Protein chains: 2
Amino acid sequence: MEKKKNVSMAVIKRLPKYHRYLKELMRNDVDRISSKELGEKIGFTASQIRQDLNNFGDFGQQGYGYNVKELYKQISLILGLDKEYTGVIIGAGNLGQAIANYNRFSESGLSIECIFDANPKLIGMRIRDIEIKDIDTLTQYLQENSTDIGIICVPRINAQKVTDMLVKSGVKGIWNFAPVDLVVPDDVKVENVHLSESLLTLVYLMKDN
Amino acid sequence: MEKKKNVSMAVIKRLPKYHRYLKELMRNDVDRISSKELGEKIGFTASQIRQDLNNFGDFGQQGYGYNVKELYKQISLILGLDKEYTGVIIGAGNLGQAIANYNRFSESGLSIECIFDANPKLIGMRIRDIEIKDIDTLTQYLQENSTDIGIICVPRINAQKVTDMLVKSGVKGIWNFAPVDLVVPDDVKVENVHLSESLLTLVYLMKDN
C-alpha cells in the first residue's frame, strides 16, 4: 500500500473520523461493512467514502464491502499510528495541565514526557507522572531527548517565541492551543485547536437559528 | 446591515479569525487596513476577504480600506457577540474542569454557570466560582435557569444521553468535546472539538513529511 501524493487536506481531515468509526464497529463486533452502510453511519455518501479511500489504496471488495479490522489497520498505518511519538507541553496553566491529565493521547501513540513553565511555583510539581520543568532548561532538554511534538499552551503573546525555540531544536510537529497563527518553516507541521473560535462558530450558528 | 442567507460554512468558520485579527490590530492601534494588507496578515487573498465580508454588508471603502474598529464591531454583531450566553458543563473530569478554569470564554460572551457530574466525590466542589452539582438535578436546574449552551465533557459512551437531556430541556447549543457525533434536532446547533482527531491529523502531516 503506497500512499498517493497530493491528498487534499479535506480528505486528510476525514481520516481520523474513519478511524474512529471503524474502531466503534470493531467494539460492536462488526466484521464487514459496505461503503453505503459506513456512509450512513458517518454521514458521508458511499461514493465519497470510496473516493476518499481510493486515495490510499484498493480496499474493499465489490459485493463484500470492507473488512472492518483490515481497513482499521490500514487507516492506522496511513495515519502513522504504527509509530510512537514523544511530546512536551509548553505552558503549565489550566489548559496545559488538563492536556497532561487527559490520558487519551497515548491511544494515538503520543507519550507526553514533560511540561515546561516559567512560573517558579509550578516548577517541580507533577501532573500525573509528568514533571513541570523550568522553561529555561527547554533547549537543553530537547538536545538530550528526541522530541517529536511541542504542545503550545502558553498565552498568545509568548506562543511564537516558544515555537521558535522548539523548531530551532528540531521539533517537527506543533500542536497549538494558543489563539494565534504560528509561523514555522515548511518542514514543520502545525495543527491548531482554537477553542475560542470554535465557541464563536457555535454562537453564530445559534444566532442564525 | 442585514445578514444574507445561505452563507457557506467555510465563510462562517473564517469569521472568528477575522474577529481575532481585527482585535489584534486594535491592540496595536491600527485604525484602518486595506483588504490586501489584512489578507497578507491572515493568509487569505484580498479578493477572498472582500468576498467573505460582502456576504454580510458593504464594509470598507474604495481607496481607504476598512475602518478597523468599525469592522470589528460589525463582525462582533454578525457573530452574535452583543448577546450574553449562559452555559453548563456536563462532566467534571479533567477536561470539564479545565474548561471551567479557562476563563477566556467570558470574552466571547459565555458565562459558565455550573458543572454537573455523577461522581459523589466531586459533587459540591467548586472550580473557581463554579459549583459541581449532581447530574440527577440537571433537568430541574434547566427548568429553573435559562441555559443556552451545554458543554459536553463526559465519556463518549454517555455523550448522547446527556445531550438528549439538554435538548429535551430546551438547550439550543451543544459544544461537544466527546469523541462522538451527536444526533440532535435541526434547531439545535452542535460544534465539535475532537482533540484526538486533531492530534491524528498532526501525526499524519508529520509522517507525510
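Including glycine, each Cβ sits where the backbone N, Cα and C put it.
According to TrEMBL:
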- A:17-56: DNA-binding region (DNA_BIND)
- A:80-181: domain 'CoA-binding' (DOMAIN)
- A:Gly91, A:Ala92, A:Gly93, A:Asn94, A:Leu95, A:Gly96: NAD(+) binding site (BINDING)
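Taking all protein chains in view, 26 other C-beta atoms sit within 10 angstroms of the C-beta of A:Gly91 (NAD(+) binding site). For the domain 'CoA-binding' (A:80-181), the DSSP-based tally of helix, strand and coil residues reads 37 helix, 29 strand, 36 coil. Proximity to chain B (CB-CB distance below 8 Å) holds for none of the binding-site residues A:Gly91, A:Ala92, A:Gly96. Sorting the binding-site residues A:Ala92, A:Gly93 by the number of other Cβ atoms within 10 Å puts A:Ala92 first. Confidence over the DNA-binding region (A:17-56), given as mean pLDDT on the 0 to 100 scale, stands at 90. When Cβ neighbours within 10 Å are tallied across all protein chains shown, the highest count among the binding-site residues A:Asn94, A:Leu95, A:Gly96 belongs to A:Gly96.
Those same-chain residues not listed among A:Gly91, A:Ala92, A:Gly93, A:Asn94, A:Leu95, A:Gly96 yet with C-beta within 8 angstroms of the centroid of the NAD(+) site C-beta atoms are A:Ile89, A:Gln97, A:Ala98, A:Ile99, A:Ile115, A:Asp117, A:Cys153, A:Val154.
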